[in-house]
């Protein structure tokens, strides 16, 4: 299990001095839960966005990547099964999809590039460490966070549903999602078509057990034009 963290740990990106205990504090503490809306080819259910990943940015918007090649695991399905994370795996098989159909290599990429850069997942941050358990924690946390961010439902509640024949004001989409999230979000487009959203968080404590707090984006809020298309999945 991961080590217990003190309750007075500062919120990431809000510390005034360097925090030495990186098992209970993430220096790259702007965490982004990123989601796809894939329509061509489509992935996942027609009434849900899908998981892209969980990314640690530095507080200035830059980001580390591929931080430990020795832990770039290549058997995520086996790891999750061995660690008893069957529910997480089953959920990922529906909601964490690769548009080219190779989910396993997509998961390996997300773990190796981003997961290995989250300091609280370092093997030294565990009591009685079992090899690969930190990867299971990464995927389980990403899934549980994604479940709290139902983009499709939040947009539908604001009257914004996929429609191939009309466009929506980007401001209306931003407003609907930021009101629910508690901070602005980052919206991504392919041309004029909405296809990605990033929810930003800071964390008090570890990734495994800490508190995620909505945070303002650490960069541009959008790559989209003022009016966008939100296409139905094919």
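Any Cβ shown, glycine's included, is placed from N, Cα and C.
According to DSSP, residue 52 (active site) sits within a strand segment. Under the heading active site, Swiss-Prot lists 52 (among others).
Around residue 110 (active site), the C-beta neighbours below 8 angstroms that are at least 6 residues distant in the chain are 52, 53, 54. Taken from Swiss-Prot, the feature active site applies to 110 (among others).
According to Swiss-Prot, the active site annotation covers 114 (among others). The number of other CB atoms found within 10 A of the CB of residue 114 (active site), across every protein chain shown, is 26.
According to Swiss-Prot, the disulfide bond annotation covers 5-24 (among others). Residue environment of residue 24 (disulfide bond) contains 23 other Cβ atoms, counted within 10 Å of its Cβ in all protein chains. Secondary structure at residue 24 (disulfide bond), taken from DSSP and collapsed to helix, strand or coil, is coil.
Remark: residue 59 (disulfide bond) has 12, 13, 28, 29, 30, 218 as non-local neighbours, by Cβ distance under 8 Å and separation of at least 6 in sequence. The disulfide bond annotation in Swiss-Prot covers 13-59 (among others).
Marked as disulfide bond by Swiss-Prot on the basis of similarity to another entry: 23-125 (among others). Around residue 23 (disulfide bond), the same-chain residues at least 6 positions away in sequence with a Cβ under 8 Å from its Cβ are 2, 3, 5, 119, 120, 122, 124, 125, 206.
Feature annotation from Swiss-Prot assigns disulfide bond to 67-117 (among others); the stated evidence is similarity to another entry. Under DSSP, residue 67 (disulfide bond) is assigned to coil, being neither helix nor strand in the three-state scheme.
Residues annotated as disulfide bond in Swiss-Prot: 189-224 (among others). The DSSP secondary structure for residue 224 (disulfide bond) is coil. Within its own chain, residue 224 (disulfide bond) has 170, 187, 188, 189, 192, 194 as residues 6 or more apart in sequence whose C-beta sits under 8 angstroms from its own.
The annotation N-linked glycosylation site is assigned in Swiss-Prot to 15 (among others). Under DSSP, residue 15 (N-linked glycosylation site) is assigned to coil, being neither helix nor strand in the three-state scheme.
Within the same chain, no residue at least 6 positions away from residue 75 (N-linked glycosylation site) has a Cβ under 8 Å from its Cβ. Secondary structure at residue 75 (N-linked glycosylation site), as computed by DSSP, is coil. According to Swiss-Prot, the N-linked glycosylation site annotation covers 75 (among others).
With a cut-off of 8 Å between CB atoms and residues at least 6 apart in sequence, the same chain places 116, 117 near residue 67 (disulfide bond), listed in sequence order. Around the Cβ of residue 125 (disulfide bond), 22 further Cβ atoms fall within 10 Å across all displayed protein chains. Other Cβ atoms within 10 Å of the Cβ of residue 189 (disulfide bond), summed over all protein chains shown, number 16.
Residue 117 (disulfide bond) falls within a helical segment according to DSSP. There are 23 other Cβ atoms within 10 Å of the Cβ belonging to residue 52 (active site). For residue 15 (N-linked glycosylation site), applying a Cβ distance below 8 Å and a minimum sequence separation of six or more within one chain yields 25.
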